[in-house]
Every structure is written in structure tokens, then in C-alpha cells.
Amino acid sequence: MTFQTVTAPDAGEHEGTVRRRPSRARGTLGVLAVVTVVAATMPFVLPESQQAVAIRVLIFALMATGWNLMSGYGGMFSFGNAAYFGVGAYADVVLLVGFDVSPWIAMLAGAALAAALAVGTGYVAFRYKVRGAYFALATFAIAEMLRLLATDTTWVNGTIGYHVPLLQEESWWKFQFEANAPEYFWIGLALVVVAFLAVFFYLRSKAGRYAVAIRDDEDAAAALGIPVMRYKLTTMALAAAITAVAGAFYAQYYMFVDPDIVLGQAQSIQAIVPAVVGGVGTLWGPVIGAVIVGPLSTVTATLLREPPEALSFLAGRGGLDVVLYAVLVIVIVLALPKGLYGTIRQLVIDRWRSR
Amino acid sequence: MSDQGLRIEEVSAGYSGLQILHGISLHVDAGELVSIVGANGAGKSTTLRLISGLLRASAGTVTYAGERIDGRRPHEIVRRGVVQVSEGRDLFGPMSVDENLRLGAWTVRSGVDELLDEVYALFPALAERRRQAAQTMSGGQQQMLAIGRALMSRPKLLMLDEPSTGLSPKLTWEVLEAVRSIRDRGVAVLLVEQNAAQALGISDRAYVLESGTIVLDGPGSALAEDARVRKAYLGL
Amino acid sequence: MSSVLTVKGLSKSFRGIAALSDVDIDVTEGTVLGIIGPNGAGKTTFFNVVAGAFKPDTGSVTLDGKDITGFPAHKVARAGMTRTFQLMRPFATLSVLENVAIAASVGGGSQRAARRRAEEVVASVGMDEWADTVAGTLHTAALKRLELARAIATRPRVLLLDEVLAGLVPTERQPVLDLLASLRDEQGLSLVFVEHIMAAVMRLSDSVVVFDRGRVIARGAPAEVVDDPAVVEAYLGTAPSTGETTDE
Amino acid sequence: MSTAEALTARWRSVPAAPAVAVGLVFVLIAAALLKSGSGTITGQAVLTGLVNGGVYSLLAMGLTLIFGVLDIVNFAHGAFLAVALFTTYQFVATTGANPYVALPIAIAALFALGALAQWALLNHTMGRPLESQLLLTLGLSLLVSNLLLLAFGGDPLSVAVAGDHGINVLGAVANQTRLVAFGGALVLAAGLYLLLGRTRLGRAIRAVAASRQGAGLVGIDVRKIYVLTFGLGTACAGAAGMLIAPFTTITPTAGDQFNILAFVVVVMGGLGNVAGALISGIIVGLVEQLGGVLLTGQSPLFGVFLVFILILVARPQGLFGARQ
Amino acid sequence: GCGGGSTGTGDSGGTIKIGTLHPLTGPFAGDGQQMENGVKLAIEDINKAGGIKALDGRKLELAGGDTQGKPDVGQSEAQRLVTEGVTALVGTYQSAVSANVAPLAERNKVPFVIDISGDDGILSHGYEYAFRMQPRNSVFGTAGAKYLQEISKAAGKPLTKVAYLHESTAFGTGVFKAFKAEAEKAGITVDPEISYDAASVSDLTTQITQVKASGAQALVVTGYYKDGVLAAKAVSTVKPTLDAVYGIANGAFDQPQFPTDAGAASAGYFDVNYHLNDKSPEATKFAQAYQAKYGQPPRTGAALAYDSVRVIAAALERSKSVDGSKLRDAITDTDLTPLTLNDGPIKFDDKGENSTALPALTQVVEAKPTVVYPAEFATAKVTYPAAPGA
Ligand SMILES: Nc1ncnc2c1ncn2[C@@H]1O[C@H](COP(=O)(O)OP(=O)(O)OP(=O)(O)O)[C@@H](O)[C@H]1O
Ligand SMILES: Nc1ncnc2c1ncn2[C@@H]1O[C@H](COP(=O)(O)OP(=O)(O)OP(=O)(O)O)[C@@H](O)[C@H]1O
Ligand SMILES: [Mg+2]
Ligand SMILES: [Mg+2]
């Protein structure tokens, strides 16, 4: 029952196709190892005043990785990742402050809780076929509802929020170090690496492959016997867990959590921006995007702290740095249709193909 | 004479760094019915997309009525009378048959009602469904609507991409009959068809496209007799 | 021989307009049933309802003695009946091999085993040279084969094929027909296929059902059906023939 | 395809949706009556809700047009609203004229701004996935509001309409200026409806919404329609900005608070559906006000989001959206 | 860890950096920029007067940070400033931002002088390096209740029932609670209590209708600028019968542009707030200098920021060192007459609160918020009752 290969009146026919090399696991993992080692030296390399920026990069990378899994690979465009981020952050502080639980355990609890939230809301949304832009806005509404709920609930301190209590000395168990200690960076880095690996192996697993297939065509996947709902929810749960870990790390580093900060729409947006800048639906995109977006606002602010001569009439009027930041974001979006990593990869593929 | 028609010279084109057409040349004179036949993936649709401005050529020229049209955008090409019925039909799904047809006459400012009557006369099945939304119609009716919509712009050159695909045998006939009668009204037609035998049967001339290169051309009836064509495309 | 798929009294309407009314169909194990009918007759809708994309308004679907009426699509597939789509629906960002491997892994088993099976299936449909090609950039003929390969990879007992030949040049049709015949003859698969290319219907079908306006208007052996005046009137037409209506 | 779809949708298939919405509003009114025990308060909440809802509709109509036709989630809409507020302010400050004289100016200025944004920026990202345009409009929003900050400073400004006073409507009061804005919403909705349904431009817009490629193939200049549509949508923000200027505190970020509610309204009404946006805006306004009476101490937005989720579950395509 | 502790001391030469953290962009940019200007003016004045004399006339230098009104940005900026070697921090306006910066200052042993941020909780964690200039929210609430009771009694129309309208976050709730406790002691019923979400509110007519229906004699309002104006407009539309509309820590009722934005109906509005001491010549001089330099009158926030720098400068003179802990000790000994109304010179208690911070009562008189109470600071007489729109 084998086809004779048809179509081909002459050779060279396959010139007209895009090929895809099976991705090599070793290569990616090797690059990851090298990047990790190089990144781990950052606390020694970066000027101290930039350490906070480096931490922000890590948090962005975690959040964007979570968002990218759900929206980029899973095709479920989320505009409400603040919900998972906030659940992670709140689980951390509530358990730590209220019950003296180690932040590490709280982190796991937060991840589990966020995953449960994702599964619950996702189930309802998919059950009722809420899709596309409607789904995006529904996730947003859920995040906003959580924010408002936290705001009005005295049990989680309402708008006052939580402080992580200061300790007299450093403690791994309590996840607290001296201000600006390199441990924060290393732990953040480790979390990013773990999240990266989680996504990497998930995508290579059966579930991950189904998730991508479902993104490409849900009905076709169902027709082949894939239980669409189950794998959409699995993907959402993992993405939510990663985002929650980002939230817990955030809480431990910034030591302050309130509803607007961790559940506000700014977090939902912050999860998206690095992924888009780096390249949606690529493994490295969110990480690269975070490295660009994280320092961007600081760079523009530094650049314009003392406005140049020509603009000195604007001195004392804030906003110029944000204007520059906005212009840069616009330029990046216009110039890099597939994000930085996506665009570069495309160029490489094109070059390789045209040879 | 030929500068009244379409002339493609040494055109190459492709998708994001991937070349599909390798310097093809062809022409369609006024009032001619010309077909392009070729294997799946040979680049037939790509050729039509290129002419109608949906795709840009990376090299070569396309002229119509003596004027360069490559690099122009689709609506500018439509205004010159070169109109395509695409493979996917691209109907305005939620709109009624009537509205689809009237939109087809976008570039025509007068006599739209008469045109409409002509199209309904050509496709009575459409006349019965004036108010029906395009997306609720069956495949064949949608195909007729797509052709009808293209006719509404009083094209001078009509390009059809596989108009009979998915149609019942009965409708296939009706559509190809319609194509012939369109040509008979003086409209030039460039036709891409899987049913190469039928297509060649009604064509004045035809080209054979293989892997983005034109390998044969000649009168339709002559190609239909050509041994290579018969073997490769007619399944004989 | 026993029937593998039995459909009784199936009806489905959209916004009050009946797309299927009271359809009965019976597929004998190891045979090919051809479905023909004018455009808009309800053929695709029939597949959609039987394969679980839509729920029927009334009627029942029995596969291998098991009532699968109203099963969601993925359960129908797991029960042993897989369908293909009239408009090709590849997983556009994945390679051909990955597309098929995903289908192959659905029943269970390791990913490695799924990949091996996918390689076999891809080869069997003559696509091994395309294995690493991204599905979104394939042309019609390749997509049709991919659609078929994916369906085969799920190891179905019954295959529902919606116009697998449409859009193929005549030379491309032959090998697909050969493959379908071998699925039936060598693997004992049962096929239900919708097709407008009568030559293929005549060649492959063991029996034929004709739909019109959501109803079955004729059924029987291929040769009987095409002579039925109602079928000629509704479907085949009596247009002046140049002798090339049915290729080959 | 939604604008065209929405407008072409057969209404007889939809009556359940408005019925549910109206029912919901009545339940809320009854509950508010019980809770407050006062007809005056409930009456006031209903009137305020209606009138505020009109404001949400004003903004949502422009958004829904852009969303429905161009598939752009326009985050800069709020910033554009702020531009309209400042345009009005600047006009009044320099001429001393009645703010309503600024209406045509605000509309024209914002039309030009929107058209420019689409022509210079967004046209280059059409056909890319949702998040590209989203990020672009996000950047645009930051850019616009901070340019306003640079130009006008962050201090709140206001424009006053001479002799604005409360008007008694069946025992409840609403300011003249707010009633005018409500009227403006109705007029705008009617205008857009006629424009889309009855004019050549409207047909072109609906055609582009239904099929971009198809529109190009019948000779419509798709990019021009994009520019006009975005301009029109933004001009709606221009009208909205002028109409709400008399009762809003004018700051560079004044539009942000409406952004999110406007999106909720857009989705609730069905993407691209102008009439849906009008009705949903009013529902949101009512839910917000009645919710404020019912759940004292809770943010009334909670009720709004709750209703939003319920509506999505009941009708995933929005109250008045057609099924895909 | 490494590093952290060695920063902040700086070397012996060069300028002394004062880090500022204010919302220079975002919704509160107007106030943030005013406060930033206040800091600039203070640094200029101190440098003109010869710098820090105890440290060989070393000059002060501004190291600015924009919090954008976001706590995490505020904290990153603070961290940056600290590692860039600022000697002290001044800021931040929003309580959530200050709450985020305070522990950071603590961990880095950099004194942090809070010019504005009212939330009681900020200094409740026993931080040693954080100080607050303005009266905290509960002080506002308590003083507000006291003043209201006193002026109504003095006018011969003692209150028995007031309605309270406040924004729903910790700010509004905190002030409200303190007010209620004090008011109830004085036999005043507080009912109804109505809260609203300041971020999203666009109309308060329904709420004011509730006030009208309740028959309360006065309306107390705590909130921000925009919602304050909305409340005033709603009052003028609904026309409830009230003896007074009375703001406490209200972001609008004491602002110079409030009468313009709210219209004639704003006449007679009260507000309990921090306020420039209009009777002090220094304050007048400051106001003139500010006006001359920045083309607008200063708000009290600018004066608080100005004073914050003065507090730091004076402490530097005493500590004769830029070392964080020494400077911190010196700040605890502050004894400095402020530009704002105060119950004597600034003195910090063991929590770091300015124990002499005193809210003043202003009233809109001839379209201008004017101090009317306590009498020793008043530049006009209290008008009570002051029915809105009358
Ligand atoms: N968007 C695209 N991106 C990349 N490659 C494409 C794209 N569209 C088509 N191709 C490739 O271009 C080649 C030519 O396609 P084209 O559609 O012109 O073929 P055709 O002759 O019309 O064949 P048929 O319609 O029968 O498939 C094919 O190999 C196809 O895979
Ligand atoms: N989702 C739907 N909503 C409304 N009407 C539908 C829907 N799906 C199908 N229909 C209608 O049901 C009828 C049957 O359509 P169906 O697609 O089954 O026809 P078909 O026999 O497969 O035709 P073709 O040969 O052209 O593919 C048509 O009139 C069609 O418009
Ligand atoms: Mg083609
Ligand atoms: Mg079909």
C-alpha cells in the first residue's frame, strides 16, 4: 500500500517548501547551560545600582515565560496573568506572615493554587466556548475581580497589603538576605532556568505536543481523538504555576504586596510585553525580551535625567523618559514583526533556505 | 493588439525567501480564453495572485494594456479591469448575495442595476437567494457568487482559480459553460483548472506550468492531444 | 457481514433550517460507502454530526455495537472512527512528521513508538520526502495526503473522508484511490467517503448513498444509482457532454 | 468579520439576549429598592446609571468599530480621549467660547490623529497577530499621555459650561451637561449605524471587516479604509472627550479609567456592534450604580465584572454578537 | 551577601546626594513634580547659604527618582539611588510606595524622610530609619472630628448626625475610622458611611442622594482631587440640606484651583489638612520664591518636601558625618520650625512620626481656601453653618 511518489515531473520540486529540522534537545540545553553560567556572574559584573534592574529582568522573564506558554504555545491569549501572579504573591505573604510558613513551601502552595484557579476558570470559559478576544477580556475580568475582592477583604488586609517582616539575619529557609545580596539574583535565575526547562520538557512531552496541535487547529485535534479541554487546561495550569512563582519571588524581593501592585492590570501587561518583544511562541523569546524590556525604562530615565540642552525647557517636567521608552517600544514592534528572537531566527532560516 | 492584453515577462516570485516562480512569461490577449494547467503546487495560484497584486514579484514585469501593473495594490489593478476570483473565494460571508454583488461593482459607478440583472440572468440560482447571507450558501452557490461578483466590475480580464473544485458534476458543467459564455461576451479569461481536460477543451490557448516554470504552451486543443500532457495531467 | 456503523433517524437543523432530516445509513464492515449529492445537500453536516462536531437533534449513531450518539469529537475518534476535513486543516506550524506523530500517539504508547508509526504512515502515503516540511507551507495535494495520513495514524476502524480528491490533478488522484482501496482490502477498514468526482465514486464504492436537501434520495450499487433519474436530475445533470465529464 | 456580521445578523435570532439583559436590570432595580428602601435613591441610581452608561457607550462605540473592522485592541483609546479633553480645554482657554463650540474641532482633530496613527504606524502591522498591535497601541498610549504631560503638566484642569445645572427627571437629578453627553451618545450611535448601513463608505468598511482580501479584489483600497475606520473610531473618542469635558477633571491620564470599562462594554455588546455597544454601555452604567447601592463598601466594578463574566458564559460572542 | 553596608557613607569630598522619590509621571505627576521642585528649591537655598558648614561647606546634590506612582518602580529606584550613594531619601507621596521604600531604607541604613504619605501602617513596623513629616491619617481623622465638633458648637448649632463619604482604600477607611471613634465620643452619630472606588468613579450623584435622604446635618468627605470635585459637583446638583461640607485630608477642598473647578458652589467648603503657615514670613518667602521659579503657587506638598531637605541638612550639621546611622541619630534630635502649620518645631517621636504635625482647618473664602482654625493660625473667621451653594 505504498504510494509511488508522484507530482514530480522534474527534480528540484522540494525547493518550494519550508523545512523544519527536528529540534535538537542537546543544543538548546547546552545553550541554556552556557547562558546560565554567564548570567550567574552578573552580581559580580553589574554595578550595584543595576542589581535591581537585573532582578526585574528575571521577574519579567518568569512572567513572560508563563504567558508565552499559555498564549504563544497554547494559543489562549491571556490578558489577565496578574491573577496568577497575585495568587502567587498573596499565597507567599499570607502563609509567611499569617502562619510562619517558609516562602519555599508557600511558593509551591501558590503555584498549586494558581493552577487550580486556571483550571477552574479555564474550564468554564472553554465549556462555554469563550474564545479569542472574548477569552482575553474574560481573563482580564477575572484578574480585576480578584483585585477588587482582595481590596475589599479584610482577611487579606484589604488595600493595606502585607509587609514581609524584616529579619535580623539572612536565612535561606525564610528566603531573606541582605538588601541587594546576590542570593536574590541567583535564586531568581534558578527559578527562570527551572521555568525554562519546565516549558522545554513540557513541549517535548505528549501533552505539550497536543497543546501546540490544539493551538494550530482545535477541531482537527479533537477529530484525531485528542481531548482538547484536558490539554488546554494542563497548559493553562502550568503557565499559571510559573506565573505564580514569579509572584512569590516578587513578594520576597520587594517585601510588600498589595492588591493594586500584584493583581493590577500592569502585571498582566508586563507579562505580555517581553514575550512580544522577544518573540511569541519561541522558547528564548520571553527571556531575550525580558533582557531588553527590563532595563529599557531605566535606560531612558538615566539618559534623560538631565535633559539635553535642546530640551532643557522641559526640565522639571516629567514624562520625557517615558516618551522615549514609548517610542522605543513602538519602533521595536514595527521593526521586528516576530520579536527579536523570532525575527533573527527567520532571517537565519531564510538564509539557510536560499542557499 | 497584444498591448491591449496582459503580458508577463520573466517574472519570479515567492513567499518569504522561498522562490516559487522562476522567470515565467505569458500573455493573454483581449477576448482570449487562456488556461494554465499544472501539477498541484506548480505555482498556478501564485501566478494569479501575482497578477492581481496580492503578491509582489521579485523580478520581471507585468503589464496590462501597455501599462506596468506589477507592484500596484489589488484595488488599483481591479480598477484597470483585471479581476480575480480566488481559490478561497473571499466572499463577504455575513452579507447578502445582493450586497456581495453590489460590492463587486465598487469601481463601477453607473448602470449597477443593469449589471446586477445580467448576473442574475447568468446564475438564476443566485437570483433565488438575493437576501441570503453568503456564508450560509453551499459551495457551488458560493462559487457562482464569486464569479458573479467579479463580473459586476465589468472586467476586461477575468482570472479564475479552480472554479469547479468541490462542485457537483452538474454544477461543474454550468460553471464551465458560464466561463465560455463570459468569453463570448468579449471578456478575456485566464483560467486555472484541475479538470485539465475540460479546461483545455474550452480554451483558446494554454500554458503548462511545472515547478514554477512554463514548459509548454499552445492552442488548447493541441495541448489536449500532447502525449506528455495527457500522461501527466489528464491521467490518461 | 456485520455492520460496523449504523445511523438511524439522524436529523440536524440550523436556526430552524433542516440540514439533515431523518437519515438512515448502514456501513458494512470492510466496505466502502460513497456519499454523493448536490452542493449543500448536507454531506459535510452528516460527517459533522456523526463524528461529534455537532450534536444531532434526533437520531442515533452506533459504532461497532456501541451507542456513540452525541459523543464529543475526541471520544468518537477514540471509539475508532476518524474523519478528515473538506477544507484541509493541518497543524500548520508543525512538520508533516509531527502532525502524523501526534495522531499516532493518541491511542497511547510511547512517543518514540508514535514517531516510528508516523514514519511508516508518512512513507505509506508517499510523503517521506516531505516529512520535515512545515505543514502550513504545503500545497493542496500534499495537504490532502497529510490529512489522510493523520487519520490513518489513529488506527481507526472506520474512516470518514470528506472530498479527499477535490483539488487534486487527475494524476494525483490515482495513488490516493489505490491507497484507499488497499486500506479496505488489506486492512479491512471501513470507509465512508464524500466525493464529487464520479469516476472515483464508481471505482471505489461498494455502495452509494445520494443526499439531497438533507434527505437520502437514493441508495444502492454505484451503477444503479447513477442511472436513477432523480440522481441525474439533482446531481449529475444532463449538460451537453464533451465526453470528459468524468476524467480517465 | 464582526461589524458586517453584527449589522447583517438576523435580529429575530437574538431576542433572548436583550431580554436577559433587561431582566437582569429589573432584578437589580428591585434589589436596590429593597436594600435602600428609598425610591429616590434607586431612581437616582437608575438615572445616573443611564447617563453614565451613555458616556461608556460613547467611548465604546469608537473602540468597537476599530476592534470589529481592524481586529485591533486599541489601548490608546483612553489616551486619545485625553487628547480630546485637552483640545477642548485649550480651545476654551484661548477663545473663551462655549465648550460645545469645540465639538467639531475635537472631532476633526481626533479624526486626523487616529488616521495618522493608522497610516503611519498600525498599517504596517496589519495581518500580524493580536499582540503586535496591542503592544503598539500600548506604546502609543504611553507616548500620547506623556506628551500631554510634557505639554500641559500633570495638574488637573477643567472646563466649565456656564449655567450648567441639575435637571429634574422624575424625581431624580442629572446635570445638563451629562444629559447632553447622553444625548450625544444616542446621536452618535444613530449616526454610525446609518453610516455603516447606508453609505458607500459604510459598505466598504463592512466589506473590509468581512474579508480583507475580498475587499481588495473588488477594488476597495483596503489600507485607505483602515485609515478612515481608525480615524472614525478615534473621532468618536473626540466627540466623547468634548462631551464629557465639562464634568471631568482633565489630566493626561484621565482617559485610562474609561479604557477598561470601554473594553468590557465592547465585548459585552459583541465585537464591532455599534448598537450593542450603546446598550451594553448603559447596562454597565446601571450595574455600576445599582451595584453601588446594593454592595456598599464593595467596588461597584466588582458587580460589573461579574455581570460581564455571566454574559460571556451565557453568550460567548457577546450580547449582540452573531455566532461564528 | 556582599556590599550593601558600605554604601551610603560616600567619600569625604564632593557633594552630598539627596535621593528623591516622587511620582513624576502617571496620574499623580502634578503633585510629584511640585514636591520635586520643593526639594530642588531647598537644595538651592542651602547651597547658596554655604552648604553643610559642619562638613566644610559641602554642597547638596539632587539625585532624582521617578516612582511613576508604582511601588515596585519606587523600590527599584530607591535601590538604585542607595547604591549610587545617596545620603538620605525624601519621598514619596503614595503610601504604598513609601511602605515599599521604608524597609529598603532600613536594610540599607539610609535615612528616609517621608514628606507625604499618610497611612498609619508605614511606620508601625518599628523601622528606625524612616521619619514622617505630615500628620498621619488617624491624626487627621481625630483632629477633623474635634474641629468639627468645636466649630459647630461655637456657632450654636452642635451636630448630632453627619454623613461620611470616603474613598475605599486604606487612606479613606483609616481617616474615617479615626473620625468615627472621636465623633462618637462627642456624641455625634456617623451615618451613613458611603465608600467609593476613586480609581473608577465618574459620578457621585447617587451617593449624595443617599446623603440627602439620610437627613445628616453635615457631610464629611475624604478622597483625592478628582473625586473631591465630583463630590462637590454632585452636591451642587442634588442640593442636600447641610450645614457644612467638610473635607478631611481631602485632596481637593484645600487646593487653590478647587473653587475654579467646582464652581461657585464650593464657597464655604471646609478641609482639614496640612497647610502652609500663612502667617510665617519664611513660608511667605518660600511661596514667592517658588512662584517666581516655577510660575505657579506651591502646594503644601512642595513645602513638606522643602522642609524634609532642611531636616536632613540640619541633621548633617549635627552629625558632622554622612554615615547613615549617625545621620539617623541626628535626625531623631530634630528641632526645626517648619513652613507648614505645626504645633511647635518639628520633633520626631520614637516611631519617627512628627509629633507636632498639626492639621489645620481651611475654608473656601472668596474662592480661596483659607486657614480659619485653630484660631492662632487663622487668617479668616470660620463661617458656620456654611450650607453649600448658599
Ligand atoms: N503562504 C505561503 N507560504 C509559503 N509557501 C507557500 C505559501 N503559499 C503557497 N506556498 C507554496 O508555494 C507553492 C506553489 O503554490 P500555489 O498555490 O501557487 O500552487 P498551485 O499550482 O496553485 O497548486 P494547488 O492549488 O493545486 O495546490 C507550493 O509549493 C506551496 O506549498
Ligand atoms: N454551522 C452552520 N450554520 C448554518 N447553516 C449551516 C451550517 N453548516 C451547514 N449549514 C447549512 O447546511 C446545509 C448543508 O451543508 P453541508 O456543508 O453539509 O453541504 P455539503 O453537502 O457538504 O455540500 P458541499 O458539497 O458543497 O460541501 C447548507 O445549506 C449549509 O448552508
Ligand atoms: Mg492553487
Ligand atoms: Mg461538504
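Note: Cβ is positioned from N, Cα and C throughout, glycine not excepted.
So that you can see what the record holds, here are the features copied from TrEMBL:
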type     : residues  : note
REGION   : A:1-20    : region 'Disordered'
TRANSMEM : A:29-46   : transmembrane segment
TRANSMEM : A:52-70   : transmembrane segment
TRANSMEM : A:82-99   : transmembrane segment
TRANSMEM : A:105-126 : transmembrane segment
TRANSMEM : A:133-150 : transmembrane segment
TRANSMEM : A:184-203 : transmembrane segment
TRANSMEM : A:233-253 : transmembrane segment
TRANSMEM : A:322-341 : transmembrane segment
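Annotation: stretch A:233-253 has the most Cβ pairs under 8 Å to the transmembrane segment (A:82-99), among A:133-150, A:184-203, A:233-253.
Under 8 Å from some Cβ of the transmembrane segment (A:52-70) lie the Cβ atoms of residues 42-43, 46, 76, 78, 81, 84-85, 180, 184-185, 188-189, 191-192, 195-196, 199, 202, 235-236, 238-243, 245-246, 249-250, 253, 267, 270-275, 278, 280-282, 285-287, 289-291, 293-295, 298, all in the same chain and six or more residues away from its ends. Taking every recorded stretch in A:29-46, A:105-126, A:133-150, A:322-341 and counting its Cβ pairs under 8 Å to the transmembrane segment (A:233-253), the highest total belongs to A:105-126. As a quick check, the transmembrane segment (A:105-126) and the transmembrane segment (A:29-46) miss the bar of 3 or more Cβ pairs under 8 A, pairs 6 or more apart, so the two do not touch. For the transmembrane segment (A:133-150), the residues of the chain that approach it from at least six positions outside its boundaries are 76-83, 86-87, 90, 121, 125, 156, 158, 259-260, 263-265, 268, judged by C-beta separation under 8 angstroms.
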